[in-house]
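*Asks:* My structure is below; once you've seen it, I'll send some questions.
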Amino acid sequence: MEKITVTLGERSYPITIAAGLFNDPASFKPLKAGDQVMLVTNQTLAPLYLDSLRAVLEHGGIKVDQVILPDGEQYKSLSVMEQVFSALLEKPHGRDTTLVALGGGVVGDLTGFAAACYQRGVRFIQVPTTLLSQVDSSVGGKTAVNHPLGKNMIGAFYQPASVVVDLNCLKTLPPRELASGLAEVIKYGIILDAAFFDWLENNIDALLALDMSALAYCIRRCCELKADVVAADEREESGARALLNLGHTYGHAIEAEMGYGVWLHGEAVAAGMVMAAQTSRRLGQLSVSDVERIKKLLLRAGLPVCGPKEMAPESYLPHMMRDKKVLAGELRLVLPTAIGKSEIRGGVAHDMVLASIADCRP
């Protein structure tokens, strides 16, 4: 069992990583006998895990209600979040309730935002079931829903009480979803840790084969890296946390333009990271050899290195200008300067951004 702490003073919380955590109600601390829970999941995961997890929690003396949401990025919306509020109010649940988010990034982000809003804030626990949510979205307290004009535009910084990562969930993950999660894994190596990027080059096949030892190390290292960044810059005030958005400015444009769910988040981020790498190369920062290393590893992970053929470079910019890193109308980009190093760069000419996107057209 691996344990990591996200250090945020009185709001610090543990991340627990192991296979079989769902079998023990003690895994879900700070829950205790007598507590009331609203378990939030989706229609895909409910048949796989809901009954067994509910039984384990009830065996621990916890009172459990549930709400099952539709599955997909297109349902990460205010209207779907209202279903959670309705379920809470119908029972009813008070301020002493705990929301448990059983699912990937959509369920986790939506449930976390619902917890931040319900009666001005109730406790919630992240139980991520996808690789992407285990290494990224469940950690750090970013909660949100989408708007038709932009991804994650309505949300709050709201930290969970704990994160419970059961590696066995990855055994039921479709290969496309596994690859999507690997995009965020590779991101950590590009922006923060050259040695981890080297490790990924040597172990990507083991991760794709669901080698539990490799997965445990991979998830732990990603969570360590993110926990350190979140502890230093919880609300993206110093710029350190914004580095975690490598590829996202371009990638969110793909998701919004194509329609949420057509491209998985990790697929869009993968293409976006190559676009960012090409931008950095054009600025004379990133070497051609490092661009090729990034592309090669993404391809080995089963990820795209080009944007959608339907999207002209010019169609990216309106979405990119709605990015949360834009300041005073100036586009600011996270760019890799070498494997393991990155920076936030403002003032990049739009023509150069468009040329870099064109570099990545199929």
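Counting begins at 1 with the first residue displayed.
Any Cβ shown, glycine's included, is placed from N, Cα and C.
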*Asks:* Going by the Zn(2+) site in Swiss-Prot, where His248, His265 are listed, which of the candidates Glu184, Glu314, Glu330, Glu343 is also part of it?
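*Replies:* That Zn(2+) site, as Swiss-Prot gives it, pairs His248, His265 with Glu184.
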*Asks:* Can you give me the residues near the recorded Zn(2+) site, meaning same chain, not Glu184, His248, His265 themselves, Cβ no more than 8 Å from the center of the site's Cβ atoms?
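*Replies:* So the additional residues around the site are Leu132, Asp136, Ala183, Lys187, Gly247, Gly251, Gly266, Ala268, Val269.
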*Asks:* Return the member of Glu184, His248, His265 nearest to Asp71 (NAD(+) binding site) in space, with distance defined Cα to Cα and candidates limited to these binding-site residues.
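*Replies:* For Asp71 (NAD(+) binding site), the spatially nearest of the binding-site residues is His265.
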*Asks:* Report the nearest neighbour of His248 (Zn(2+) binding site) in space among the binding-site residues Gln74, Gly105, Gly108, Thr130, Cys169, comparing Cα positions.
*Replies:* Gly105
*Asks:* Could you tell me which of these binding-site residues, His248, His265, has the greatest number of Cβ atoms within 10 Å of its own Cβ?
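*Replies:* The residue with the densest Cβ neighbourhood is His265.
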